[in-house]
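First up is the structure itself, then whatever we jot down about it.
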Amino acid sequence: MKTLLLTLVVVTIVCLDLAYTRKCYKTHPYKSEPCAPGENLCYTKTWCDFRCSQLGKAVELGCAATCPTTKPYEEVTCCSTDDCNRFPNWERPRPRPRGLLSSIMDHP
């Protein structure tokens, strides 16, 4: 009887995933997905590229074992709870007016 009980316990442990897997938002496509084993941090990386003035900052979301290092023009935030790296909610830059009126507005 003890052998049967021990066998059931071992089978249960093998079949169940007892290790917790962090879930983070990832880009391309933007959705929440489980992270790979050992990756327990979510990160949000933002930077300006050539489209920054029209579309706003570029954004990369993902999982990491350690918080990614940044380049001088990048900003990175890391967090350690499920889905804590939502897409940043900021206003897109407004296009500047063009034409004669814009030159008047530029010099009040």
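Any Cβ shown, glycine's included, is placed from N, Cα and C.
What Swiss-Prot records for 1-21 is signal peptide, and it gives similarity to another entry as the kind of evidence.
DSSP gives Cys42 (disulfide bond) a strand state. Sequence annotations record features per position, and here Swiss-Prot assigns disulfide bond to Cys24-Cys42 (among others) based on similarity to another entry.
Cβ neighbour count for Cys35 (disulfide bond) (all protein chains, 10 Å cutoff from its Cβ): 19. In the three-state DSSP classification, Cys35 (disulfide bond) falls within coil. Feature annotation from Swiss-Prot assigns disulfide bond to Cys35-Cys63 (among others); the stated evidence is similarity to another entry.
All protein chains shown were included, and the count of other CB atoms within 10 Å of the CB of Cys52 (disulfide bond) stands at 13. Residues or ranges marked as disulfide bond by Swiss-Prot: Cys48-Cys52 (among others).
Taken from Swiss-Prot, the feature disulfide bond covers Cys67-Cys78 (among others). DSSP assigns Cys67 (disulfide bond) to coil in the three-state reduction, outside any helix or strand. Packing around Cys67 (disulfide bond) is summarised by its Cβ count: 15 other Cβ atoms lie within 10 angstroms of its Cβ, all protein chains included.
Cys84 (disulfide bond): 17 other CB atoms within 10 A of its CB, across all protein chains. Per Swiss-Prot, disulfide bond is recorded for Cys79-Cys84 (among others), and the stated evidence type is similarity to another entry.
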**Request:** Pick out which of the disulfide-bonded residues Cys24, Cys63 has the most other Cβ atoms within 10 Å of its own Cβ.
**Result:** Cys24
**Item:** Neighbours of Cys24 (disulfide bond) among the disulfide-bonded residues Cys48, Cys67, Cys78 (Cα to Cα, within 10 Å)
**Value:** none
**Request:** Quick one: of Cys42, Cys48, Cys52, Cys63, Cys67, Cys78, which disulfide-bonded residues lie within 10 angstroms of Cys84 (disulfide bond), measuring between C-alpha atoms? Sequence order, please.
**Result:** Cys42, Cys78
**Message:** If I take the Cα of Cys35 (disulfide bond) as reference, which of the disulfide-bonded residues Cys42, Cys48, Cys67, Cys78, Cys79 has the closest Cα?
**Reply:** Cys42
